[in-house]
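S.K.: Quick one: the structure is below, questions incoming.
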Amino acid sequence: MSTTAAGTKKSAGASNICWAAYDNNRVLVLGQFISILITCTGIFTQTLNQTYQIQIPVTQSAGNYLLLCLYLVYPAFMYFRDNQYRLEIPLWKYMLLALADVEGNFLVVCAYKYTSISSAMLLDCFTIPMVMLLSALFLNAKYSRCHYVAVLFCLGGISVLVLSDILRDRATQGETPLSSSALYGDFLCLVGSAIYACSNVGQEYLVKKRNRRLEFLGMMGACGFLISSIQVYIFEGETLRNTEWTSSSALCMAGYIFTLFLMYTFTSIFMKSGDAAIFNLSLLTSDFFAVLAARFLFNEQLSSLYFVGFGLIIAGIIIYNQSPPPTTDSTTAVELQEKVELLPTHHM
């Protein structure tokens, strides 16, 4: 009897190890898929801007929010069937979260009009130090020396990247107004990343420990579509009426909307199985994919300073992910560290 029990215990232990390995690999693969989706949204946006001269950033995001409204079908069905369904999160909090998301999307898409896809993707890393600051202020996050060193690396890389864009802008266009320079695009991307940080921290505070994924996606879609529709009417109505669409530009627009919709969907799935640290680590490769897109799709010449900035940012994010997230409790931190240790160590 004891032998059988021991055998059962060993079998259960082996099963748990196999399941943990499967779950970890699933998270890694899903993270790389999301990374590719993020790069694709940048490719579609820059193609619309440079090839078709179409700049309607709010309209682009509105299409995604409209698709996300489909996730309200199930909550609506439960409400009309039982008449007892209530939102897990108050409506006004969803509105604030959607407002930050809409404006973050708006500014980042606008940035592609002025800066390169590679710079825009790398400058998105500014979200990390902003998340740290907001988490410390509102979530009582406690950071280690490792986290602060990582922030210094990221900020150093961003500084080098901006310098690279300034030098490239002067070499190709001479002295031009700030509104048409790469520096202006970098500024828009940095502000958009800061707003994204507000959205990320708000999402962590509101829904990270709730089991209402469909409700979250659907309400973000509904609130985001309402906000962006008003913004489209005010700022982009005339542009939409004057835009001459072709089959190619329409397909590019549809590609952006559907890709962004998939990104939102799979990110919510990822966060149920993974965690913030592994999520950020998995998305590092989106910068690598952006480099490939810039070189082979848009024929951009990347200076040596770009690779210096790229290396500093990559190093900073890797250092940041060596420690568990500072907003987790001790039990979660131990579990997270065990997951991180399962990651391959030969990244580069």
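For all residues, glycine too, the Cβ spot is worked out from N, Cα and C.
Found this in TrEMBL, in case it helps:
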type: TRANSMEM; residues: 27-45; note: transmembrane segment
type: TRANSMEM; residues: 65-82; note: transmembrane segment
type: TRANSMEM; residues: 94-114; note: transmembrane segment
type: TRANSMEM; residues: 120-139; note: transmembrane segment
type: TRANSMEM; residues: 146-163; note: transmembrane segment
type: TRANSMEM; residues: 183-202; note: transmembrane segment
type: TRANSMEM; residues: 214-235; note: transmembrane segment
type: TRANSMEM; residues: 247-266; note: transmembrane segment
type: TRANSMEM; residues: 278-298; note: transmembrane segment
type: TRANSMEM; residues: 304-321; note: transmembrane segment
S.K.: Have the transmembrane segment (120-139) and the transmembrane segment (304-321) got at least three CB pairs under 8 Å, pairs 6 or more apart in sequence?
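M.R.: Contact between the transmembrane segment (120-139) and the transmembrane segment (304-321): present.
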S.K.: Considering only the recorded stretches 27-45, 146-163, 247-266, state which has the highest number of Cβ pairs under 8 Å to the transmembrane segment (183-202).
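M.R.: Going through each listed stretch, the top one turns out to be 146-163.
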S.K.: Among 27-45, 65-82, 94-114, 146-163, 247-266, which stretch has the highest count of C-beta pairs below 8 Å with the transmembrane segment (214-235)?
M.R.: 65-82
S.K.: Ranking 94-114, 146-163, 247-266, 304-321 by the number of C-beta pairs under 8 Å to the transmembrane segment (27-45), which range is first?
M.R.: 247-266
S.K.: So which of 65-82, 94-114, 146-163, 304-321 has the most C-beta pairs under 8 Å when paired with the transmembrane segment (247-266)?
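M.R.: Highest pair count goes to 65-82.
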S.K.: In the same chain, which residue numbers or ranges, 6 or more beyond the ends of the transmembrane segment (94-114), come under 8 angstroms Cβ to Cβ?
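M.R.: Tertiary neighbours of the transmembrane segment (94-114) are 42, 45-46, 49, 55, 57-58, 60-61, 64-65, 87, 120, 123-124, 180-182, 184-186, 188-189, 191-193, 195-196, 198-199, 202-203, 206, 219-220, 223-224, 226-228, 231.
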S.K.: Going along the chain, which residues at least six beyond the ends of the transmembrane segment (65-82) come within the CB cut-off of under 8 Å?
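M.R.: Sequence-distant neighbours of the transmembrane segment (65-82): 98, 102, 214-215, 217-222, 224-225, 228, 257-258, 261, 264.
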